[in-house]
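Q: Here's a structure for you.
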Amino acid sequence: MNNPENALLALNYFQQRLKPKREVILDNVTLKVCRKGKDMERAEKLFDKILQRGVNPDNVTFSTMISCSGMCSLLDKAVEWFEKMPCFGCNPDDVTYSAMIDAYGRACKVEKAFSLYDRARIEKQRIDPVTFSTFIKIHGQSGNFDGCLNVYEELKAIGAKPNLVIYNTLLDAMGRARRPWQAKKIYRQMISKELSPNWVTYATLLRAYGRARYCDDALNVYKEMKEKGLELNVILYNTVLAMCADVGYTDEAVEIFEELKSSETLKPDSWTFSSMITMYSCSVESHRGRSNIE
């Protein structure tokens, strides 16, 4: 269920007919629907009703309220919910810390995010791998690309297993850092862990290789996407075409351009034609140069 309003109606229906041993479980499920819908107002109203019914909120309740606040870009609210926990006899656990760190990350509060992470480590909390993805994203947005790699190494050092989200986030950071060699290395490590790349993985690699003019690697990714039936968007097509135009891969560019034109859902844009014009003009100049020499 994705609609918070319908979820609240369903909650009322079940509460009238069922008497679960722990009523807060149904409330928490409904709060998660509110979070998914980024409906902070309904989530807060439901929390008030929980208290009015004499039900005790638990850690899941607070983790959900914190993460909902973060998703709604309400950092002050997230901090408020985090600080309320002891008043209800709840102590932060690994999920709560992860939710709060993610909220700091979304608000680009780097120092506070890392301070809370250090506190969680001191308390020997097991931090969710998604939190490491948040740290990688924070470092990447601030241009600290070595910091991205340090987080990745720390993740492996504590014995946690990087998931596909972490690998994709790290690959994106290395692409924006114009470090395609590190992107290749990380991708190989991902494959060695028997993780299957998804559309985001391929798109990230294509951008990383294309920007750095790693032509053969970019074209291999392009071909693999085609073989797997993964649809490229116009931006990815333009990335490959711009790369081909810059390095003089005329035949490859023409083939890719024709594939784009044959698409039933995509159309070339001004950037597409700009790359093709650049490529053809360079090709003409090269031909003229050879003619003059001859």
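Placed from the backbone N, Cα and C atoms, the Cβ positions cover glycine too.
Sharing the record's features from TrEMBL:
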- 58-92: repeat 'PPR' (REPEAT)
- 93-127: repeat 'PPR' (REPEAT)
- 128-162: repeat 'PPR' (REPEAT)
- 163-197: repeat 'PPR' (REPEAT)
- 198-232: repeat 'PPR' (REPEAT)
- 233-267: repeat 'PPR' (REPEAT)
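Have a look at these and tell me how they're positioned relative to everything else.
A: Under DSSP, the residues of the repeat 'PPR' (58-92) split into helix, strand and coil as follows: 27 helix, 0 strand, 8 coil.
Sequence-distant contacts of the repeat 'PPR' (93-127) (same chain, six or more residues past either end, CB-CB distance under 8 Å): 59-60, 62-64, 66-67, 69-71, 73, 75, 78-79, 82, 85, 134-135, 137-138, 141-142, 160.
Away from its own ends, the repeat 'PPR' (128-162) comes close to residues 94-95, 97-98, 101-102, 105-106, 108, 110, 113-114, 117, 169-170, 172-174, 176-177, 179, 182, 186, 190, 193 of its chain (Cβ-Cβ under 8 Å, at least six residues beyond either end).
Through the fold, the repeat 'PPR' (163-197) approaches residues 129-130, 132-133, 136-137, 139-140, 145, 148-149, 152, 155, 204-205, 207-209, 211-212, 214, 217 of its own chain, all at least 6 residues removed from its boundaries and within a Cβ separation under 8 Å.
Proximity of distant same-chain residues to the repeat 'PPR' (198-232), defined by a Cβ-Cβ separation under 8 Å and at least 6 residues beyond the stretch ends, is recorded for 164, 167-168, 171-172, 174-175, 178-180, 183-184, 187, 190, 239-240, 242-244, 246-247, 249, 252, 256, 259, 265-266.
Here the repeat 'PPR' (233-267) returns a mean pLDDT of 92 for the predicted model.
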Q: Let's see if you can do this one: DSSP helix, strand and coil counts over the repeat 'PPR' (198-232), in that order.
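A: Here the numbers are 26 helix, 0 strand, 9 coil.
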